[in-house]
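Notes follow once the structure below has been shown.
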Amino acid sequence: MFRKARRVNVRKRNDSEEEERERDEEQEPPPLLPPPGTGEEAGPGGGDRAPGGESLLGPGPSPPSALTPGLGAEAGGGFPGGAEPGNGLKPRKRPRENKEVPRASLLSFQDEEEENEEVFKVKKSSYSKKIVKLLKKEYKEDLEKSKIKTELNSSAESEQPLDKTGHVKDTNQEDGVIISEHGEDEMDMESEKEEEKPKTGGAFSNALSSLNVLRPGEIPDAAFIHAARKKRQMARELGDFTPHDNEPGKGRLVREDENDASDDEDDDEKRRIVFSVKEKSQRQKIAEEIGIEGSDDDALVTGEQDEELSRWEQEQIRKGINIPQVQASQPAEVNMYYQNTYQTMPYGSSYGIPYSYTAYGSSDAKSQKTDNTVPFKTPSNEMTPVTIDLVKKQLKDRLDSMKELHKTNRQQHEKHLQSRVDSTRAIERLEGSSGGIGERYKFLQEMRGYVQDLLECFSEKVPLINELESAIHQLYKQRASRLVQRRQDDIKDESSEFSSHSNKALMAPNLDSFGRDRALYQEHAKRRIAEREARRTRRRQAREQTGKMADHLEGLSSDDEETSTDITNFNLEKDRISKESGKVFEDVLESFYSIDCIKSQFEAWRSKYYTSYKDAYIGLCLPKLFNPLIRLQLLTWTPLEAKCRDFENMLWFESLLFYGCEEREQEKDDVDVALLPTIVEKVILPKLTVIAENMWDPFSTTQTSRMVGITLKLINGYPSVVNAENKNTQVYLKALLLRMRRTLDDDVFMPLYPKNVLENKNSGPYLFFQRQFWSSVKLLGNFLQWYGIFSNKTLQELSIDGLLNRYILMAFQNSEYGDDSIKKAQNVINCFPKQWFMNLKGERTISQLENFCRYLVHLADTIYRNSIGCSDVEKRNARENIKQIVKLLASVRALDHAMSVASDHNVKEFKSLIEGK
């Protein structure tokens, strides 16, 4: 025994081809007889088979034409075997005692259980194969007789694919029942046909059975239409259609879910779709006719057909069933099938046969069965009539579409052609320029390696260069600071000495003002005084030898003489630093520290591959690259010294002077042209800034003149970088200004003595006063040397407000009125730049000189008053001094004060004095 799958779908078999033919031949019996070939021997519940799957007919031999259960009316003239005409289906219900499976179960719901689990018994055939062959031969003879009828029903047969012998393919011969897994649509169509069949023996077959098998898209012929009309007329005459729902007890529901509602509920019974067991196939009929009950049908299939034929039949069945699929989400207990209406134009409408598909179990379907009518609805989706204009419009649209497509393709073609031309040109250009790529790559790789090695070398040597540069700057700074400190000490010593004499203050013999021991301090002061006097004597002797003794004034010379010890120490340290600088690159190849070698490498790059040279911004990198090497050469360069070498005459300057200068025309944006100016900006200006802060002495006229000279040279020679907008230039000028202010605050000192002390011109206080006065005038001249570099406002603030009005005018107040004062005033006015007074408008001078002009007017009045009552010679000298004062006032453009002095003292040569200024 074999256990089959739980899910069993039992359906009624479609009419076979032979049954259709026999049905057409047996149209003559009385109307009350069942139509031939309709399969009415099987009731709605599948009456020809018991639930166990066995035949209802008892065993025993009977003629094939009358007693074979599978052939029925097809071979026996439309009556079942052993039945009289008019008996209907009663013989089919007789052999219920032969069922063996129901006796095996005593349960009340054995029918439902047996539907889910069927048991088959395989019995061997007791007849010979000759009987089978004989039956086949007789079957073929019957097939030839009904050939004409088969052609009429060809459209109906297209719904059921048959094999070459006319047998309906049995898809589940081994199970004994039909499990329609791949043919759900066929099952639903058969169930719908089953609905139209009558349940009594006198019911007429549904006339639409042949119409339902019409394949969608197939045009019916005249014979098909005639047969349909004839069957429809017979259905009207009989009028004994009985709905299947009237006998729910004969039906059997196949439930796919064990949780469905109970069979006892009438509502559930009404909602179920009734399936009938598929009728036996021709092979099964033959097998039953020869007495092989429950035999395995696969043996016959294996003997008759091969596997290929079976697959072909499967394909034909799937092709024939061209019906939309059933909705998958229907409830299990309802199992309603709604057939979708075809959206295309029905072909039957052209023959005047309206039709429509209706759902099974609907009210419309029931009314059709009751009234024995076949109502068909006219489809709403009629086809639009085809006109010439419509065809022309479609053709025109098609033509426009093709033209547009052609235009697009043509544009694409032209685009591809142009792309091809461009690609060809690019290939030619690249092939022509690829000759030197290898050499270029090799050269650039060499330059890359060279630059990396150079940077690694500089990263190691630059800290050493910075240390040496700091050492040399510190050395010069110490020397300058030492000289400034010595000058300040000398001024303090003389001031304290002469102040005590003038005030005649009594001081403690051994304590200073801070309570310290004065013995040690006085000892150092005596040693400084001795050294100071010795230096003055040596300078005086030097002036006598040069013949400048007559023009010299005390205080105009700079006391920058050093002792031999200081000079020796300074030179030793300087030499040591110079030797250390020479050892910086002693372990390096010349190509990595020589400016000429480095320059030649980049010049080769520039001349061969200028584009890549420019793209790499080498012109902007060279000043920074040469910076350490140039600073090393400028290590001992100090423009304050007399023997200092001009930087433009040094080797690095001459080597880089013509860098980038080639025969070809220079580009406007070529940065190599500005190589030297950039080096001056990055190297020279920072060097000068350090010198101005730490080494320059504004009291020294020589140093000031050299600083002014180098600054003017940079301004005039490199105007693109040395200007007021340049950052490094601003830093340099700021350093100069701060140094001048510091000198003005720390080094200028003007003593104040009573006139009776200054009467003795050989006394110490008088000489010290004169020396400080002339040193202040000298500083005034040094400040005013920066005219043209600093602004007029800055210079006037420093020289006039900070020095003249603050210190020098104070000295004029304590000086003797006479020739000496006029001489001092003349020297002060000579320090002023002439450009200050050339563009003045009106009769007034600059506002800062107003106090100085008032002093000159007061000096003229004093000279005139002192000459009253004196001799004519003294009066004549006084008058000459007044004229000189008028001339001095006119030289500083103080015309209002000059006219006032001239009118007060009857100076008639005023105009000539002004013009002679």
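Residue numbering: from 1, along the chain as shown.
Using the three backbone atoms N, Cα and C, a Cβ is placed for every residue, glycine included.
In Swiss-Prot this protein carries:
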COMPBIAS  1-11  compositional bias 'Basic residues'
REGION    1-123  region 'Disordered'
COMPBIAS  16-28  compositional bias 'Acidic residues'
MOD_RES   SER16  phosphoserine
COMPBIAS  40-50  compositional bias 'Gly residues'
COMPBIAS  73-85  compositional bias 'Gly residues'
REGION    143-205  region 'Disordered'
CROSSLNK  LYS149  SUMO2 cross-link
CROSSLNK  LYS149  SUMO1 cross-link
MOD_RES   SER154  phosphoserine
MOD_RES   SER155  phosphoserine
MOD_RES   SER158  phosphoserine
COMPBIAS  161-172  compositional bias 'Basic and acidic residues'
COMPBIAS  183-193  compositional bias 'Acidic residues'
MOD_RES   SER191  phosphoserine
REGION    229-275  region 'Disordered'
COMPBIAS  234-256  compositional bias 'Basic and acidic residues'
COMPBIAS  257-268  compositional bias 'Acidic residues'
MOD_RES   SER262  phosphoserine
MOD_RES   SER295  phosphoserine
REGION    362-381  region 'Disordered'
REGION    378-558  region 'Necessary and sufficient for interaction with PAX7'
REGION    530-564  region 'Disordered'
COMPBIAS  542-554  compositional bias 'Basic and acidic residues'
MOD_RES   SER557  phosphoserine
MOD_RES   SER558  phosphoserine
MOD_RES   THR563  phosphothreonine
* Asked: For the region 'Disordered' (530-564), what are the same-chain contacts with Cβ under 8 Å, counting residues 6+ beyond its ends?
  -> 479, 483, 486-487, 490, 493, 570, 697, 699-702, 767, 770-775, 777-778
* Which residue, of the modified residues SER557, SER558, THR563, has its CB surrounded by the fewest other CB atoms within 10 A? -> THR563
* Asked: In the region 'Disordered' (530-564), how many residues does DSSP call helix, how many strand, and how many coil?
  -> 18 helix, 0 strand, 17 coil
* Looking only at the region 'Necessary and sufficient for interaction with PAX7' (378-558), report the model's average pLDDT. => 82
* Spatial separation of SER557 (phosphoserine) from THR563 (phosphothreonine) - C-alpha basis, Å -> 17
